Amino acid sequence: MDLVIDVGNTKVKYALFNESKKLIVSKAESHQLFKKQLDHIFEAYPKIQNSIVSASGKVDINWLSLLNKNTNCIEFSHKTAIPIQNQYQTKHSLGVDRIALAVAANFIYPKKNCLIVDLGTCITYDFILQSGVYLGGAISAGIDMRFKAMHNFTEKLPLITMLDRIPQNYIGQTTEESLKIGVFQAVVHEIEGFYNQYIADYKDLTLVLTGGNAQVLAERVKNSIFANSNFQLFGLHQILIYNSNAHKK
């Protein structure tokens, strides 16, 4: 049994995969709650043998020690072996979350060119060829960041914190509507613009949306596929399998 952990800035997401490589548990917890949960996880699932930790946030050294004590633990970094070819020039500065997304896309959509858009704090664009070669992508400001920037750098614009109730019209008739439409439409057109640019050079392109705001955007972005919230965890699991198999040889 395998334990996959993704440490973010505010939450820890984890998943358990059984011997058939099937996802059986997936949860997101606060850092403090996950620290308390880890002992219970090992008690409930004593057959956990392998684990992988991917961190964009701070990792608690105590539960990292617990993972190393109870499992064959991989601390995922740019030095970790991966089942794709990475042609990014500054590998040390490439977020491990972006690598995991590319691995997931290559596994779930084999023999497809894939553009993965992760709508998190920043919006990341990651492109992997159908041959399994990761080329890179782009980074832009995320939705919340755009709302905060307009509020912080002006005197009178209010802070919008939610993307619920998106106006169907493209003409805002209140300041709140105008802000929502401005950010929402800008992101939609940005994604579609990148897609059109990529598909002009790379045919048979699959556009995958993931991350916190992906579901609401997938309804508006043409030609997109909404990936569930476990997409990155699937990628991390493939990296864990790849390294576990390498050690068996």
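Keep in mind that glycine also has a Cβ here, set from the backbone N, Cα and C atoms.
Record note: TrEMBL gives Asp6, Val7, Gly8, Asn9, Thr10, Lys11, Val12, Lys13 as ATP-binding, and the candidate from Thr90, Thr121, Thr124 in that site is Thr121.
Cβ neighbours within 10 Å of Gly8 (ATP binding site), excluding its own Cβ and spanning all shown chains: 16.
Considering only the residues assigned to substrate binding, Tyr88, Gly95, Val96, Asp97, Arg98, Thr175, the longest pairwise Cα distance works out to 41 Å. For Val96 (substrate binding site), the spatially nearest entry among the binding-site residues Asp6, Val12, Asp118 is Asp6, judged by CA separation.
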